[in-house]
Amino acid sequence: MNHCPCFFRLKKGHGGSFRFLSQPIFWISDLQLPRRGPGGGRHQPIRVWVHPPRRNRTSGLSPASLGAGRGLGAKPAAATSRRRKNMAGAAGPGTGAGAAGGDGDDSLYPIAVLIDELRNEDVQLRLNSIKKLSTIALALGVERTRTELLPFLTDTIYDEDEVLLALAEQLGNFTGLVGGPDFAHCLLPPLESLATVEETVVRDKAVESLRQISQEHTSVALEAHFVPLVKRLASGDWFTSRTSACGLFSVCYPRASNAIKAEIRQHFRSLCSDDTPMVRRAAAAKLGEFAKVLELDSVKSEIVPLFTNLASDEQDSVRLLAVEACVSIAQLLSQEDLEALVMPILRQAAEDKSWRVRYMVADKFSELQKAVGPKITQDDLIPAFQNLLKDCEAEVRAAAAHKVKELCENLPIEGRETIIMDQILPFIKELVSDTNQHVKSALASVIMGLSTILGKENTIEHLLPLFLAQLKDECPEVRLNIISNLDCVNEVIGIRQLSQSLLPAIVELAEDAKWRVRLAIIEYMPLLAGQLGVEFFDEKLNSLCMAWLVDHVYAIREAATNNLMKLVQKFGIEWAQNTIVPKVLVMANDPNYLHRMTTLFCINVLSEACGQEITTKQMLPIVLKMAGDQVANVRFNVAKSLQKIGPILDTDALQEEVKPVLQKLGQDEDMDVKYFAQEAMSVVVQRLRKLDLPVKDCDEPSAPGADKNHFLRPRGPGEDAGKEGAAVRGGQSPCRAQVERLESSEASYILVAGSVAPNVPSSSSSLS
Amino acid sequence: MDSVSDLKSKEIKRATLNELVEYVSTNRGVIVESAYSDIVKMISANIFRTLPPSDNPDFDPEEDEPTLEASWPHIQLVYEFFLRFLESPDFQPSIAKRYIDQKFVQQLLELFDSEDPRERDFLKTVLHRIYGKFLGLRAFIRKQINNIFLRFIYETEHFNGVAELLEILGSIINGFALPLKAEHKQFLMKVLIPMHTAKGLALFHAQLAYCVVQFLEKDTTLTEPVIRGLLKFWPKTCSQKEVMFLGEIEEILDVIEPTQFKKIEEPLFKQISKCVSSSHFQVAERALYFWNNEYILSLIEENIDKILPIMFGSLYKISKEHWNPTIVALVYNVLKTLMEMNGKLFDDLTSSYKAERQREKKKELEREELWKKLEELKLKKALEKQNSAYNMHSILSNTNDE
């Protein structure tokens, strides 16, 4: 239900212009804490590295923001710069003593870095440093993590939500870093603050981490530190802390003493009747979980009344959460108690005036069914389900339709058939011609599953007409859902019964104007092929599969290529050789270069399935011939194909046929062709070398290793290699730009290669 | 409720309602005590209902046509009647409050989620009248609106009536007594400001900005937290929202006191400096328009020593490299204005510009170096730990996750 509304905001905050926050607190004074234990005196007090936050960070993503936010006038105070100098002497890079890394200096290092980074104006950099918190803690050692790092973090909790989210997540795994379970409570103060912030995502993460840590507490520490925290949160002023508290009761209750348990229950009770609906929602959401850890008596005496209240809350958003809790509570009670305490409320929920509540009942129907057992299901739930199937809101009907199969499966086998035939099927028949397509498509996605339950005769007599009607439905989604579940029916009655209706449906979907529909039907082709058999397939469907190869949408051509491979795996090499391969190879002469490339893509996936012989004899010559294609895209795809099929070929073919062609392509005038030829060459050479064959020309200047560097080096540290590559390619021929967009894999390769390279020189140069 | 069946009865109902509306608005002394209960009952029975799910699950209020209420022909008359009833000179809140209670208002507020703008418009007027006439319900109404907004911001991000509710609040804030109660300040900081993060901000930004400015006109000391709040939630990727934020900042600057301005000028102008150099020309343009505002200009001039160093870098840079000629022209004007304000400082900044950038590049390298050393240190420590037979296995696996 409660999707975090701000998730996107959090996710997308990595580029573009930044919002910047009020600065984290600056610690001008030395951060010095008393230290005990052996070697304590050895450390120097930590000097906080104070200098004005750095300006002018480029984000990399937005070159346009370069230079934004420069503050040329901000001059560090005299004291500040002095301290900074000290620090540089102690730990800064590039200065003699610091770089030598004496023991005392090392220990200053991590926290200085962290603090410096946490102040950075660039959110991304602050985020990076928080994400490396465990590195910092590990370097600091457990004691200093506890005495210095954690207090620092507790005080800096005043940052952008994204940073806080990362912090909340990190702290959940911190127990080992602060010295194990005995010290786990040190992590509570920062997490407590995080559990009270406004942003839901941060709060939820903090609660998650708290729950994790609670398990690592000793029983004593749990009562001494964790429970008081829960109580503080539960009685917080602002609703955020109270909502967070709701998620913590169930983790501390089982291990608390009886007196404390009573207090915890008391707190939970008051949150269930909080006057902020947000808190009641949180409590209702956790009611089931809490009920599970309570003693049965308390469940009856306390949880049930709370449940009753929440289920009749004035806000439907609270009532619907009570339905969820109902599942857990029902599992705990005896049939008698269920009937007396829970069922009246569940009946009421199934007829709630708000469709959201009814939707929830439909959505949780299988869980409810399992929780209340067969008797109540038959008496109460089946009639309720019938009502949901004919609800006035389509949302509710669709949710109920989704559950039809599960409901039927979970009925007791004895008498199941009668119940389904008499009490469920009539309603399903109605739904097949529902006015709402979501309802029909929900039903279509599960209805085939009924055939296994009802057996052959009933399926043929009652279900088959429904399937056939749905195969003719005007909405493609309905038809697709039927086709995608054909396997269920196949087991029971065999697919022949359907094939006459199936074929027109498939053909129509295969030619649908929406490419996503076409894509979906392609995905089911291997399945259909398996069930219809090779003859039927060759006769009716083969031509469709070939037609997709020249579809005008790349995604379809790509899917069609993969489809061929799966078909070959199903029908075998011989079939491939006779029916598929010739047709694919003919396309190598197509006037449209996109179709010529499709040949290459097909060869890439088919070669493996077809084996060495076909690949060498039939495919390789075609690929080699295409090396002379006039379109560069085709040529560099030849190089890629050769690299791909290389492992399947024998060494003679590699040495005699592939290598010369790659060498020629390596001299191509187009830089991309050159690049991929050299890539392929390096793989081929490696393979030949592995096979211990003499490699004559590996020392030539055009040897792949050297050339690769040569190719990458011009993209200097500051440049975006990916962009540059794209720009160059885009500039050469307009039609290629179009293809490049589709072939993102190469672009990302270059990007990776380019971004690795700059690190190499910088490691040595900046230190001296 | 089928809108096409039973047309005859529907027509009778409509005629009767019409008659009622006519009756209460033309006659005096007809609203007698005994009628209140029935009137409220009739209204409740007709307008209170669970709103149906939207026909269009991906309903985008900015793009799509709203689904109109099928039963509007008679619901409209009920609203009409309700309004006449509330506005009638005979209407006595002291009697009505027995029937128009918290539960009633609660249900009324839920209706603001209606997709039909006509219904929301009626609701707006109705709620405003109720807020005006029922003093006892005021705090409750504010609190419920508060809850609706919080749910909107942090849970569902969907509520159709936000703009209408804000409009009502706009007029309420105006009447707050001074000094402002803590409750009102909390509402501003914890509800109105975070509302700026909503995805559909465009739908209610005008009303929201109006509320914020109303608060600031009431109490100028709120300026600093409000501006810092806006800066915290400044849009990162949505240029359209960024333009709205800039508009709101200008509205705030229009009423700001010079002493308050001094408190926020640094963070604020850092943001403006980023906006000015935005590659989206509308954002840059909107920010540069600040320099057309006389009052803002006078504030800048007073604090030129602080502001010029913040703005200089980006202005200088875009004057050289922005793709959009209009922006470049605007920037030249702005630079000229700033230069006239303090020529000497301007010259100093120009001459130190290059050196400054060099220094920043160097710092960048230093930072990378720091992390590398830290990484080594971690490895070293981890080795030490392992040697001392301390089982760090779990921790290492934690850190390796990154």
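Backbone N, Cα and C define each Cβ position, glycine as well.
Feature annotation from TrEMBL assigns compositional bias 'Gly residues' to A:91-101. Annotation source TrEMBL lists domain 'Phosphatase 2A Regulatory Subunit A helical' at A:184-368. Summarising the annotation, TrEMBL assigns region 'Disordered' to A:53-101, A:699-737. Taken from TrEMBL, the feature repeat 'HEAT' covers A:110-148, A:187-225, A:264-302, A:303-341, A:342-380, A:381-418, A:424-462, A:463-501, A:502-540, A:619-657, A:658-693.
Within the chain carrying the repeat 'HEAT' (A:187-225), a Cβ under 8 angstroms from the stretch's Cβ atoms is held by residues 2, 4-7, 10, 150, 153-154, 157, 161, 164-165, 167-169, 171-175, 178, 181, 232-233, 236, 238, 240-241, 243-245, 247-248, 251-252, 255-257, 260, all 6 or more beyond its ends. Applying DSSP to the repeat 'HEAT' (A:658-693) sorts its residues as follows: 29 helix, 0 strand, 7 coil.
Remote same-chain partners of the repeat 'HEAT' (A:342-380), defined as residues 6 or more beyond its termini with a Cβ less than 8 Å from a stretch Cβ, comprise 304, 307-308, 311-312, 316-317, 319-324, 326-331, 333, 335, 387-388, 391, 393, 395-396, 399-400, 402-403, 406-407, 410-412, 419.
Residues 471-472, 476, 479-480, 482-484, 486-487, 490, 495, 547-548, 551, 553, 555-556, 559-560, 563, 566-567, 569-571, 575, 579 of the same chain sit 6 or more residues outside the repeat 'HEAT' (A:502-540) yet have a Cβ under 8 Å from a Cβ within it.
The DSSP breakdown of the repeat 'HEAT' (A:264-302), given as helix, strand and coil counts, is 33 helix, 0 strand, 6 coil. According to DSSP, the secondary structure content of the repeat 'HEAT' (A:463-501) in residues is 32 helix, 0 strand, 7 coil.
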